[in-house]
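Pulled from TrEMBL:
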- 761-796: coiled coil (COILED)
- 197-215: domain 'NF-X1-type' (DOMAIN)
- 250-278: domain 'NF-X1-type' (DOMAIN)
- 304-325: domain 'NF-X1-type' (DOMAIN)
- 358-377: domain 'NF-X1-type' (DOMAIN)
- 385-406: domain 'NF-X1-type' (DOMAIN)
- 410-429: domain 'NF-X1-type' (DOMAIN)
- 437-456: domain 'NF-X1-type' (DOMAIN)
- 493-511: domain 'NF-X1-type' (DOMAIN)
- 597-626: domain 'NF-X1-type' (DOMAIN)
- 636-654: domain 'NF-X1-type' (DOMAIN)
- 706-727: domain 'NF-X1-type' (DOMAIN)
- 822-842: transmembrane segment (TRANSMEM)
Amino acid sequence: MEKFNKAQAKNLAAAQKLVNAYASSSEDEGELDEKHILDLLYKHYQASTEAPSRDNVNRTATFLENTLHSGAATCLICIGSIRRVESIWSCRSCYCFFHLNCIQRWANDSVMQLKVKAEQQQQQQTGHYNHLGEYVPPKRPKSLYWCCPQCRRDYQPADRPTQYECFCGKELNPQPQPFLVPHSCGEICAKLLQPKCGHDCKLLCHPGPCPPCAQLAQSSCLCGKSPKRSVRCIDKNWQCQQKCQALLSCGKHKCNQRCHRPGQCPPCSSKSSQPCECKREEKVVNCAEPKWKCNNICGAAFACGLHTCDKVCHAGPCGGGECPLGVRSCPCGKSTRTGDCSQLAETCGDTCQKLLSCGKHSCAQRCHRGACNLCLVRTKKKCRCGLHEKELPCSKEFNCETKCKQMRDCGKHACNRKCCGDQCPPCEKICGKQLSCNKHKCQSVCHNGPCYPCKLESQVNCRCGKTRRSVPCGREKSARIVCQELCRITSKCHHAIKHRCHKGECPPCVQPCGLPNDTSGCGHICKARCHAALRVPKPADAPRAQQHKYEYRSLPHPRCEEGVRVACIGGHELATWPCWNSKPTSCQRKCARQLKCGNHRCQLVCHAVPQPEDMNQQAGCANCEEGCAIPRPPGCTHACTKGCHAPPCAPCSFVIKSKCHCGLNQVMYKCSEYFNQEEGGSVQQTLERRQKFGSCGNRCLKNFECGHRCITVCHPGPCPNPELCRKKVRIYCACKRLKLEIACDKHRAGQTELKCDANCLEELSKAKATEQQQLERKLKQEQEKNRLELEKYEQKFGKRKHKERKALDVQPASYHIDWQRWGIYALALLAVMGALGVAYYADS
């Protein structure tokens, strides 16, 4: 039993949760700023103040109200609220909203039912012969369509909605925005206004019909007498205060109506005494209708003296005075003769042959007076349904007794009419189905498909009764009514009620508590959301007889969240902390107190110190472990060997070893002495002092430009005073026989050669003669050598002399090839080709 009670409680809780969710499904959306949205919507439009133009504006405002209030619009198909975030479709005629899924299902079902019905009728219906024997073809199937559930406007199957569009149709799937009309794109509507005036709608994308055109235009009045003035396009057919004064159709009076279009003057309303057409009576009639007839018969006698005119009051002569009965024809109309009007026309004796009422046969009697008899020709006739055939007189209609079993257009009831044929009348029974409102039954004629929504409306009042609203039948419980009055229910907490009238229980109070917080004992005012009467579930051990599952309780104050300024433990900052957590803690910043070295600060995270206001190193701060960071003197590249300390550093004692200026020896000096800046002096003196540290003291190894060794001590750069060089230089004459030693300065001054004497010239001539003899001897030797080579060549390759031989008997000898000669030719050819190949590759 206990398990059953638990399961029942769970089911009831789930059902109640579903009911609450359904009842407040339209209340889960926030309220929109309606005034701001409407002002934004109408900012490009200013309506006219005329009454006819205000009707469409009010109609548009009604659609806007239903759109802005979530749940105010109702889908007539599912009788459910249309929320701002749901996809909709709007009818082009009545502008009624429907859920997109609902209207798609409605359109598909309507088209499918008509299609199935047309297919069934096409299969059942065939051509038949009527009672006259004429072939009647089957009916043409009706075109498919579906209609709006509200206004019954017909739409083609291709017009079935397939996508969610905004009201103006420019944007697909418009996203809901809190500052726009729901289901709109926020752009200007731009639809052509009706009636067509050439202007488009200036409202932002909106539901319902477009309001009347409010554009300004220059227009004259209807009669055209007043000058043009600037008016609204919808009011361009305005009337001035002048009278028309145009001559009326009576020709006597003038039009006294106010401004109207030319040629549209009303009939003259003045009255005058006018005679009738026969001039027998007179009466007062409208001036616009001077002709009238009395009720007297003319009664004028014809020339025959027997007959009189039987026409009612008329003008003019009565047929020229001749009796109309003088010229007569026989009853069948075949012969005509003139005779005494007092005698009856005689029959001609011929066959009548007038077409009988059957439309097929003619009368077979002799010419006779009066109507022809019924057609008595016997023919075979089929009944209307075409199932039976019988021979009957042509004038009689044949109807069988067979009842029609075809289904009527509703698809539910049989026809049951005797001899019906294929033209079954529509079903006349009342549908009687329960409508979606679950209150009324369908009063339409029996039909196919779903019933149209209930057309009745119900008046729904708000809780206070000051606001009423008409809603579709069946929506009374779920309809949302926006009442601007304040709620009159007594508040359960200590705050005054400041919310609007509503359905159901009051919403939870959202005002701050405002009472002193006694939980933490700090004395601050509790700023949490009111918790004096909160709805909480009842405990499980509550008595079962109690029906309510919830109760209202006053909960204790939460912990105090009032901001309190608290300093961190290191004294760096004042931070705002909730009252319940207002304790000094580390701010997680670096301590940053000045260490004893004077160069760095404490890098520890904020920690406790004896005196937080003092920003120098205290107990708890980390000692400086960095090296010296003082910049070294210019030029010194050696680090200070001490730890971090205050300036200045001790002089650098590092010994520098480097080569001297001449590069032969190594010199050593202290870094502090070399880069010492304290001795002062000019830049030139500092350079000279540093050059002395780099000199080894020996003589420079470099040579002057003259080629002699420098006489200065080891120095940097080019050697100084090259003009002081006095070294001996040896010069020669042109033939190198005479020589002389002079000082280097004289040699540089220009004394660079020594002239030859007579002995030098004699030695020179002897040397030339010896050289000429040697050249002649070499030439002779060369010529002799060439002659010998030529003789050897001629001996080897030259022509030989033929000796005279005795005549001998020539005997045929066998053909012999001189292989030696051909071998020589081949070698010579190969040598030439090799030489050409070498020359070709050498050129390339």
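Keep in mind that glycine also has a Cβ here, set from the backbone N, Cα and C atoms.
Just so you know, TrEMBL annotations are computer predictions that nobody has curated.
Residues 132, 330-332, 334, 347-352, 393-395 of the same chain sit 6 or more residues outside the domain 'NF-X1-type' (358-377) yet have a Cβ under 8 Å from a Cβ within it. 410-429 is the stretch from 197-215, 250-278, 385-406, 410-429, 493-511 with the greatest number of Cβ pairs below 8 Å to the domain 'NF-X1-type' (437-456).
Listed as Cβ neighbours of the domain 'NF-X1-type' (250-278) (distance under 8 Å, sequence separation of 6 or more from its ends, same chain) are residues 221-226, 239-244, 284-294, 296, 298, 313-315.
Across the domain 'NF-X1-type' (304-325), DSSP classifies residues as 3 helix, 2 strand, 17 coil. If you average pLDDT over the domain 'NF-X1-type' (636-654) in this model, you get 83.
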